Amino acid sequence: MPEPIKKDDEEETTLPSALPPEWSIGESPASEEQDKQNVNSQLSTLFVEKPQTGSVKVGENITFIARVKAEDLLRKPTIKWFKGKWMDLASKAGKHLQLKETFERQTRIYTFEMQIIKAKENFAGNYRCEVTYKDKFDSCTFDLEVHESTGTTPNIDIRSAFKRSGDGQDDAGELDFSGLLKRREVKQQEEEPEVDVWELLKNANPNEYEKIAFQYGITDLRGMLRRLKRMRREEKKSAAFAKILDPAYQVDKGGRVRFAVELADPKLEVKWYKNGQEIRPSAKYIFEHKGCERIMFINNCSLTDDAEYYVTAGDEKCTTELFVREAPVMVTKQLEDKSTFCGERVELECEVSEEDANVKWFKNGEEIYAGPKSRYRVKVDGKKHTLIIEDATKADTAEYSVMTTGGQSSAKLSVDLKPLRILTPLTDQTVKLGKEICLRCEISEYIPGKWTKNGLPVQESDRLKLFHKGRIHKLVIANALIEDEGDYVFTPDAYSVTLPAKVHVVDPPKIILDGLDADNTVTVIAGNKLRLEIPISGEPPPTALWSRADKAIMEGSGRIKAESYPDSSTLVIDVAEREDSGVYHINLKNEAGEAHASIKIKVVDIPDPPVAPSVTDVGDDWCIMHWEPPVYDGGSPILGYFIERKKKQSSRWMRLNFDLCKETTFEPKKMIEGVAYEVRIFAVNAVGISKPSMPSKPFVPLAVTSPPTLLAVDSVTDNSVTMKWRPPDHIGAAGLDGYVLEYCFEGTDHWITANKELIEKTKFTIPDLPTDARIYVRVKAMNAAGASEPKYYSQPILVKQIIEAPKIRIPRHLKQTYIRRVGEAINMVIPFQGKPKPELTWKKDGVEIDKNEINIRNSETDTIVFIRKAERSHSGKYDLQVKVGKFTETASIDIQVVDRPGPPQFVKIEDVWGENVALTWTPPKDDGNAAITGYTIQKADKKSMEWFTVIEHYHRTSATITELVIGNEYYFRVFAENMCGLSEDATRTKESALIAKDGKIYKNPVYDDFDFTEAPMFTQPLVNTYAVAGYNATLNCSVRGNPKPKITWMKNKVAIVDDPRYRMFSNQGVCTLEIRKPSPYDGGTYSCKAVNELGAAEMECKLEVKGGLSFCRLLLQGVPPNIIDSYLRDVQSSTPEEN
């Protein structure tokens, strides 16, 4: 080992300031003991426990632990483990390295572990742990020493240890220093001259320290510089040592180093130390004594042997430094020259002898720094290192090299332009004047280019814009002008390719309609010739096409034809006809576009004759006639009409007006009463007079009737007056159509018509009159001749209601208790009187009725209480109060809603003797809101438990059952009965009654089975029924038969099936047909047919539906239906005689 070269103090002082900028100030060169003391004395920023230096044997496991307190941290800190300076161990996790982390919530401490499994010799060295949280940072270093398990290693060239293990072996592809222990055949490499790194560092510029450290595999540059500084210090002369240790020693990893000192006194005791710890002899450390010379050998040096060593002799010591140099990393696969094109992805690939080795890349001798903003990216995959260049350009053409600690490789990269492909060429364009020009092309490369027009560069302006996006280039001109026409060329940069296109600007055709009206209308008289010339323009000259209703008008011969000229187009119509009127279209077309215009041609003629007139009103010598304008006015507005008249028997027409009648109404006069006449019309426009219309229907002038007679007041309310009168004495031949009733208020002359339509009857009510007003009334008779003279009422009428005391008329069936069953409908109609309209109040048991439960409808003459399904809670006393002013009338109605009773409470057998059993029972707790009418007793033999009725409708609560069978045992049960029927359940005796034998042998008689089958037979027939329109009606009958017959209802011999207006019920032989709200149409013959397998029976009746309130009121008052019917017939027969 060569002696280190000492330099003066000036150089010595410059070394600390010349440290690389990435080293922190806290790592200033100092003695290792001082560094350790400083580190231990400084408080850690984040660590609460740091990993400690450790040692392990080959093949064993070791774990390093770091702990971080998280009390002030909001999230988990970031931790990294390094070996040496650069190697990040996160990417090395696998079968030999595992990283774990845990978090204790109680102590809030993060624990980070790095576990090395089956350690190898090359795992030894210096390690570093870094923890980061936001702007806080903390780190610590520690060493790992791996001891050999057996024997020492012979001296082998250390660089051979960096060779990859052979292919096909179990450990192939794994970087392993154990190769030093194996006898393998390795290729002999050319021996390189030994380089003393110490001499290089002593003589080198401080700016080159890092480069030298990288080149020669120095992982702890900071420690080496610190030791270098100590080496420069002058050693004092020692009395114990005749020759001291060299300042520093250097050895390759796996090599052997020799330390030797010479003592002044051979009797002095010598001790060797490493980092302050005494070294004991072992297979690794060998001590020799040769006279005054003391020697220590260190075999198989590893990175852990890189330390400070000193030897003591008496009270003195001398110190040295041992540096263990890593084996150089070799380039095993060289870079290869590449050629590529612009925009392509380039990958320069090499392989080195060590996985994850530190490799530097250079371009033309300048180092390449890869980063997020750099175009270069470095990819490392084990031993493979790849430099990636995305989207290569010509500027990337250069010589690229890769450098490791043991070698380098270079290659040339040539980047040329790609062959340009035109994906979308420019196309020639023909553009309308004022439209947009858009030239677009697409090339295969993302490069810019230049535009030229007629050989001159194109400059952007407000109208002309140039666009470039990716491979697409566009030139856009808004509002094209004639001067924009020319030859355009696009030339991509760096290429000689050109993309030409021609632009042709054209002027679209135009139609000039300045000579026409505002609505483009041309008028011609039928029979004349039309020649319509329309000026046109356009370049090139457009082609004109005339059409009408999608039918083209061709040039040449024909009544309607077109003629074309360079500056005009002409439409010719020879002898215009009425059918030629319409819209004509002219279309111009050239390569610049199309033009379209519509021209309305109006052919005018005399109008069509009007429709036959109608006579709407006649008098004694006049009439009023109306007519509709003609369907076709000849294309010209109607100016007026001429009217002619003639007698029906005559053929001579007489004109009634010599001045045009502008209206469609005319009043002929001076006609003879009673003579039939006809009239007709002529229409006149600017062209001429039409043909006459068809004659009107014959009409006869007639006179009005005489005035009505006997006008009188029928009734008066606070806002209405009802009048009645008699027909006129003289009606005449025109007959009587009806009446008009008019009134005016006292003090005015304005008569108001009370009826909107004619009154056919001789009675009418004038509504909506103000109270306390006085009115005059008159009536007129109307017929075809008009209104007669009015008939006046002699004096004013005061509009005021005459108070009539209220009176309630309770129907006869409601004067007693009104009984209904549960579920049935309650419908009570109570008529009343009183004027004005009374106020009605209903109460039930003294409380007002809730209208949500009970429906109440009131009218002016009656009130209706309706309950769709009665319940027992509806039972009670209903009070009706009718009030008119201070007059009051009241009435009460009792309603009883009944239901079937409950069963008797208790049934007991009191005594059994002979063939008799005495029973007693108690009445039911629930009588169904009706008196108990009786009981039904049934018996059942204990063996069969079939029940048979013994007694029905029994009124007492005790009974004796006789004629029981001797030897049988019986149970008894009792049903309660009221007007609604038997109770649903029965009460049975708890014990049975045994009819004991008295020594007699009883022989049961033999009975033949009774045949209960029978053909249907009606036990209660249908009866003819009267129904009131709007109120439900029911038809009832009863039928028996066994088997149970099928019931069919028919109306007029047609079966009633699925008709919602009818509901059919059948309960214990009682058949009911309910007709919902019948109308007179529902009247007819209804029949009920019962059919079973033994026969059929049919019963029918007639239903007559009476309408009107009068019939209802008479029926409610108890008048028999036959009297009501005869009364209504008399009323209907007397009504026509009065009119």
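Any Cβ shown, glycine's included, is placed from N, Cα and C.
Any TrEMBL annotation is an automated prediction that lacks curation.
Annotation comment: TrEMBL describes 328-414 (among others) as domain 'Ig-like'.
DSSP labels the residues of the domain 'Ig-like' (509-602) in these numbers: 3 helix, 59 strand, 32 coil. According to TrEMBL, the feature domain 'Ig-like' maps to 509-602 (among others).
Per TrEMBL, the feature domain 'Fibronectin type-III' maps to 609-708 (among others). Averaged across the domain 'Fibronectin type-III' (609-708), pLDDT for the predicted model comes to 90.
Taken from TrEMBL, the feature domain 'Fibronectin type-III' applies to 709-802 (among others).
The domain 'Fibronectin type-III' annotation in TrEMBL covers 903-998 (among others).
According to TrEMBL, the feature domain 'Ig-like' maps to 1016-1104 (among others).
Among the features that TrEMBL reports, region 'Disordered' is placed at 1-39.
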Recorded stretch, among 328-414, 609-708, 903-998, 1016-1104, maximising Cβ pairs under 8 Å relative to the domain 'Ig-like' (509-602): 609-708
Residues of the domain 'Fibronectin type-III' (903-998) by DSSP state, where helix covers H, G and I: 0 helix, 51 strand, 45 coil
